[in-house]
Each structure stands twice: as structure tokens, then as C-alpha cells.
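Data first, discussion second: the structure below is written as C-alpha cells.
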Amino acid sequence: MLPRVGCPALPLPPPPLLPLLLLLLGASGGGGGARAEVLFRCPPCTPERLAACGPPPVAPPAAVAAVAGGARMPCAELVREPGCGCCSVCARLEGEACGVYTPRCGQGLRCYPHPGSELPLQALVMGEGTCEKRRDAEYGASPEQVADNGDDHSEGGLVENHVDSTMNMLGGGGSAGRKPLKSGMKELAVFREKVTEQHRQMGKGGKHHLGLEEPKKLRPPPARTPCQQELDQVLERISTMRLPDERGPLEHLYSLHIPNCDKHGLYNLKQCKMSLNGQRGECWCVNPNTGKLIQGAPTIRGDPECHLFYNEQQEARGVHTQRMQ
């Protein structure tokens, strides 16, 4: 847990595990047991990096507007910078906007997309989430219970572990009493389960379970779109990845491009690399049907405003064409 105001100044602990599932935050919950698992960690916070952080920040002006004289007050709570940052920033309070690249939410809070959002991941990337009280049932449990829940290998345990580890990046500090993962190899398995479930859901033609339908009524699965095929290839590469040690440097993942597909299996206009060392990944614009780079669109660490470089009236994202194939 990070030190609060009023406590003695302590060096920040090493950055938490940077979850591999950041790009798949909005994917449907997956099930199934995990096989091979690898843990990915942020680079350690060296004394040089900590020394470069400077003095603790103060609350923003809006938070102290009611204070007489407008004096800048210390933050109500200090949290680490987004991603793998080592310095302290003011935590976001309940009801404040949050996202992947914004300061984390305070203790007991998490960053959630708005209910009913069709693209929850995109909302979090754009900083359009909201800091709300944690919804998971294990919050407030004893450290022993939390640790036991964290080691659960059931379907719910896998999903909850993913949400917890991901929200440690987006929300408040993690559970101080949580035991370290015994195998040190859970994140990659959860990632594969999530990606598999994501494109499995995109490939479904209906809401009925196969086991409840007559065999004669079953239809062959629709053809995989280029974006879904690329997801398959990424899964295959990760499943055969052999790392020099169980820590798995983040650079191994950063070299992989995980395609951002929409609910129809087409490419989203904006594609981005993962963040690394607290630095926002590059983003670029692609054709939603082919995934190819749109000529003239920039590649920047921010929003390239892809809608300005793609004529939707001409191609209309090819949704009807894809459905007819």
C-alpha cells in the first residue's frame, strides 16, 4: 500500500505486476482452466528513478477551491503514476474521471467504464471511466480470505484475478495482504482465455448454447475475419513463447501487436501499442476491413483522430459485406 498523507515518507515499493490483459479489459469473461502461465513484471524502480521524482505533489486547485485563501493542500492520497511509473501522483477521488493513462483511483476505488458502453476498453483508454467503489465481493475480506481467493483456479477465480490485477493499474493500490502467486505464471493463461473468449464471442451467430440445439439446426461457424485471424496468430505466438526466465520482460510483449477488433470482427480505426515504462504507446489508423495503414494518417503517442482520414460513406466499414461472406 502506498503511504498516505500524515505518514512518514517511505520509498515507493517496486511497481506492481503490469497485467498483460490491459488491451482486453473490455472483453467478455472467459472460462476454462489455465495451462502454461507466465508472469510479467515492470522494470524495478531504481534509486536514480526515485530520486528524479521530486517532492510529493499537492492537490489540484479544484480540490482546494473551498479552502480559505486558496492554499494548496497535500493530496488526500498518493498513488503511483500510471503504467510502470515510479513517482507519486494525487489519486483520483470517487466520481472523478479516470482511465488507462490517468492517475489511479484512490484506495477502495476502481476505474469502471460507463454501464452499457459498447467499447469499454476504448472508453478507459480515452480516460472516460469513473472512479467508483469496488464491486468485487472480496473487498473488505480478511487478508487470508483475499489471498485464498487470489489463488483460486476456478473459472471465477481466473476472471476475478484478471480484474484485480488489471484494476491495480487502473484503480487503487492492491491488497497488501495478498500472497504472491505460487507458480508466478497466471497472467498469460488468463490473457489467452480472455482473447479466446473475445473472438469466440465475435464468431457466434446467436445466443443459444450449442448443447441446447438440435444437431440438424447447427450452422457452420462464419468465416474468420482478418482481424480475428490475426488474433489467432497472436495467441499461437504467445502459446509457444519461451522466455529466458519466469519474469518475462515486458519488452517481449511490447513487440507483439494485439489487434483491436470491434464486435463485428473488423479492425477498429485506431490501433495502439501497449504502454511501456509509463509511456503511452504509439497509435495509428487502419482500414477497418483490411487492417492496412491509412495513407496520410499520423502515428503518434496520442489520438490520431482517425475519423478525419477515413471515408465511412464510401466503405461503411464493410459490415454488410462481411456478413454476406
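Backbone N, Cα and C define each Cβ position, glycine as well.
What Swiss-Prot says about this protein:
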{"type": "DISULFID", "residues": "C42-C84", "note": "disulfide bond"}
{"type": "DISULFID", "residues": "C45-C86", "note": "disulfide bond"}
{"type": "DISULFID", "residues": "C53-C87", "note": "disulfide bond"}
{"type": "DISULFID", "residues": "C75-C90", "note": "disulfide bond"}
{"type": "DISULFID", "residues": "C98-C111", "note": "disulfide bond"}
{"type": "DISULFID", "residues": "C105-C131", "note": "disulfide bond"}
{"type": "DISULFID", "residues": "C227-C261", "note": "disulfide bond"}
{"type": "DISULFID", "residues": "C272-C283", "note": "disulfide bond"}
{"type": "DISULFID", "residues": "C285-C306", "note": "disulfide bond"}
{"type": "DOMAIN", "residues": "38-134", "note": "domain 'IGFBP N-terminal'"}
{"type": "DOMAIN", "residues": "224-306", "note": "domain 'Thyroglobulin type-1'"}
{"type": "REGION", "residues": "198-226", "note": "region 'Disordered'"}
{"type": "SIGNAL", "residues": "1-35", "note": "signal peptide"}
Same chain, 6+ residues apart, C-beta under 8 Å of the C-beta of C306 (disulfide bond), given in sequence order: L269, K270, C285, V286, I294, A297
Secondary structure content, the domain 'IGFBP N-terminal' (38-134) (per DSSP, counts of residues): 18 helix, 22 strand, 57 coil
Where C285 (disulfide bond) falls in three-state DSSP terms: strand
For the domain 'Thyroglobulin type-1' (224-306), the mean pLDDT of the predicted model: 80
Distance check against C45 (disulfide bond) for the disulfide-bonded residues C75, C84, C261, keeping those with Cα within 10 Å: C84
